[in-house]
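According to Swiss-Prot:
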- 1-23: signal peptide (SIGNAL)
- 28-237: domain 'GH16' (DOMAIN)
- CYS55-CYS84: disulfide bond (DISULFID)
- GLU132: active site, proton donor (ACT_SITE)
Amino acid sequence: MKKKSCFTLVTTFAFSLIFSVSALAGSVFWEPLSYFNRSTWEKADGYSNGGVFNCTWRANNVNFTNDGKLKLGLTSSAYNKFDCAEYRSTNIYGYGLYEVSMKPAKNTGIVSSFFTYTGPAHGTQWDEIDIEFLGKDTTKVQFNYYTNGVGGHEKVISLGFDASKGFHTYAFDWQPGYIKWYVDGVLKHTATANIPSTPGKIMMNLWNGTGVDDWLGSYNGANPLYAEYDWVKYTSN
């Protein structure tokens, strides 16, 4: 009887421990970007965002390397016609810590990014939080956000290294009263005004711009260009 009670106690403890760990693990979404996980991700295909985007999203420009990295490509299908790449989550996510290991593309007139987004196409207001690399100078990173379509919160940070030369970890902690951006675990910028609140998709893309030379520089048509991503992690509150 004593042995049975002891066994029951140990079993109950083990179950409780497993349950606790599982509950904790359930708040964390981490994915190595080594293959196309169709249950979690989707590829943009066959359309253009228009506006400042001077390219068409193509699923064929979203690929995976032999060493297990997501590779987004910017290519040319014909003279002055460009194809770009976007990879995005099928689910939406809210407040929490968003992290990515990535290596942006380097060239004037282009953007490599990691961000959250939702908008009218999803039946919501336009809320967005950005980590963007302007290819004209990959020794810097730009942070920004939109709340109900209102942006203008750009903050450009000098990194002290060329981001296009290797993988680094970039992150933002999104909370009801603030957004904090990090580079390799070091806090770089904090915003507290008019913080977005609508859950959105996790997105990564590479594209070339038009009509925004003062921001991106003039795109010279160079291609193919590639941005690479190693892993993505989301930790909810």
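Every residue, even glycine, has its Cβ placed from backbone N, Cα and C.
Other Cβ atoms within 10 Å of the Cβ of CYS55 (disulfide bond) number 26 in total over all chains. Across the structure, CYS84 (disulfide bond) and GLU132 (active site, proton donor) are spaced 16 Å apart at their Cα atoms. Fewest other C-beta atoms within 10 angstroms, among the recorded positions CYS84, GLU132, are seen around GLU132. Distance noted between the C-alpha atoms of the residue listed as 'active site, proton donor' and CYS55 (disulfide bond) is 17 Å. Taken together, the residues of the domain 'GH16' (28-237) have an average pLDDT of 97.
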